[in-house]
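Participant: Below: one structure in structure tokens.
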Amino acid sequence: MTLLKVEEIETYIEQYHILQGISFEVLKGEITVLFGRNGAGKTTTLRSVMGLSPISKGQITFRGENIGSLPTYEIARRGIGYVPEDQGIFKDLTVEENMRISILKRDESALEKLEWILNLFPDLKTLWHRKSGLLSGGQKQMLALARAYVGDNELLLVDEPSKGLAPIMVEKVMQAIEQMKEKTTVVLVEQNFFMASTIGDRFYIVDEGRIVHHGLMQELKEDEDARKKYLGIA
Amino acid sequence: MNLDVIVNLLVNGLATGMLIFLLASGLSLIFGLMDVLNFSHGGLFAWGAYMGVWVYVSTGSFLLAVVGAVLGGVAIGFILERWIIRPIYGNHLQQILVTLGVMLVLSELLKVFWGPNPLNAAVPPYLDGSWQLGGIILIKYRLFIIIVGILLLVGIQLLLTRTKLGLVVRAGVLNKEMVQALGYNIKRIFSIVFMLGAGMAALGGVLLAPYSGVIFSEMGMQFAILAFIVVVIGGMGSVQGSAVASVLVGLSGAFMAYYVPDLSLAVNMLLMVLVLLIKPSGLYGLKR
């Protein structure tokens, strides 16, 4: 079942034509990875889906509803969570406050999700009353993922969670995202092919604001020529 | 150095500080959250004073005067935010020009409604007079202002730290985009904060009127400058910082005016320069 469908979207940032007709589909329960070099348009793609960088053309459909023209807060309320590249943590708020603000409706389901994610990231429990600005890079990433997850979201857009993290931490974060897949659908922007390919189901390669290649992750793993051509790795 | 002089100066300084706090805390939140340089804030303060005096003269009730002034301030704040400030979000140059213009319009409108001459404002009888403790004279109305200021500070702190709205406002000061991405309508939050700030400015105005005994249409600008100094000293977006800086400015003003009158006008600027040199983000400047 298609959860998110992005069709021929174009986005400008100031006078720059960043996205020039991006299309992709996200199936429910899968991890879809967007690959591409720096400046290819991956982050702008996620921001456009969230309404933070409004599209000028094209259509974005989430659960069958056109969300392309909705304001960001309405898109978030439809069930899309966002973890930006800089994690978007509120540094002067505690871990508890960062989590509390993401729960719009405090019902049994929200509390169950909170319990589940705190079991996945037990560090957050011990740091519950600490200001999040004092957390390490890895802990901040865990908090950002946990915050997006508990917000009653059916789809998470996660932008480069491995950026700036130590290899051991990257592995932990990737494992956590894989476990979160049991409960939610994920669109992952990542440059670390080796890590992302271990958890991704499908991939899209973005270059100069367009999708230049896509398919199943297994196909890309087996296709050395495509990896060399599009990602510059053997 | 007499104890009674020191106590009187403390009370005067604290009372003035609390009045500045009422103006500055709203200004600080509006700047911190909405990134709006609102020079019209002093106009709301003056309108609060005029509306309060008008209601008090008309009804004889100081409580009604306070309520009327605050509601009037909130209403003007709503109109300003919705139709004048909202179209210029994100453009500081336009904000300075437009809000300065609004400040002038608000001042001139006061003359249209209440005439060009200053108005006298009386202290309500039950808050008039003083208590004498040995050589120390405590003026009732000044103590009243200090108590109201402290209660409001506690109230705002509770609002910011114990409620969901406060949590969203504090988060919004740090990262507006992320607050929207979590499902909150930031424009609505902006409106609420602007109206809250406007109401507090009006409250400051209505409380100042009996304190100074006379009000005039340009009084807003005079206090707005002090409030801006306080916001810079305390740190943009921090209510706690505004409170501490207001008390500092109030006390230093009172003591300097008594002991070194020649320096009393310069002391606020000196304080601001000192804080900017040591901590450019202000005493309680938030990390963004």
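Numbers here mean position along the shown chain, with the first residue as 1.
The backbone N, Cα and C atoms fix where each Cβ goes, and this holds for glycine too.
Copying in the features that TrEMBL gives for the protein in this structure:
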type	residues	note
TRANSMEM	B:6-24	transmembrane segment
TRANSMEM	B:36-56	transmembrane segment
TRANSMEM	B:62-84	transmembrane segment
TRANSMEM	B:96-114	transmembrane segment
TRANSMEM	B:134-160	transmembrane segment
TRANSMEM	B:189-209	transmembrane segment
TRANSMEM	B:266-286	transmembrane segment
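Relative to the rest of the structure, where do these features sit?
Facilitator: Nonlocal intrachain contacts for the transmembrane segment (B:6-24), taken as residues 6+ away from its ends with a CB within less than 8 angstroms of a stretch CB, comprise 41-42, 45, 136-139, 142-143, 145-146, 148-150, 152-153, 200-201, 203-204, 207-208, 211, 223-224, 226-228, 230-231, 234, 242-243, 245-255, 258.
Counting same-chain residues at least six beyond the ends of the transmembrane segment (B:62-84), those with a Cβ under 8 angstroms from any Cβ of the stretch are 40, 44, 47-49, 51-53, 55-56, 98, 102, 106, 124, 127, 190-191, 194-203, 205-207.
Counting same-chain residues at least six beyond the ends of the transmembrane segment (B:96-114), those with a Cβ under 8 angstroms from any Cβ of the stretch are 36-44, 46-47, 50, 54, 76, 80, 84-85, 88, 217-218, 220-221, 224.
Remote same-chain partners of the transmembrane segment (B:134-160), defined as residues 6 or more beyond its termini with a Cβ less than 8 Å from a stretch Cβ, comprise 2-4, 7-8, 11-12, 14-15, 17-19, 21-22, 25, 123, 127-128, 166-167, 169-170, 200, 203, 207, 210-211, 239-240, 243.
Proximity of distant same-chain residues to the transmembrane segment (B:189-209), defined by a Cβ-Cβ separation under 8 Å and at least 6 residues beyond the stretch ends, is recorded for 19-23, 25-27, 29-30, 33-34, 38, 41-42, 44-53, 65-66, 69-74, 76-78, 80-82, 85-86, 89, 121, 145, 148, 152, 165, 168-169, 172, 179, 215, 219-220, 223.
For the transmembrane segment (B:266-286), same-chain residues at least 6 beyond its ends with a Cβ under 8 Å from one of its own Cβ atoms are 32, 173-174, 226, 229, 231-238, 240-241, 244-245, 248-249, 252-253, 256.
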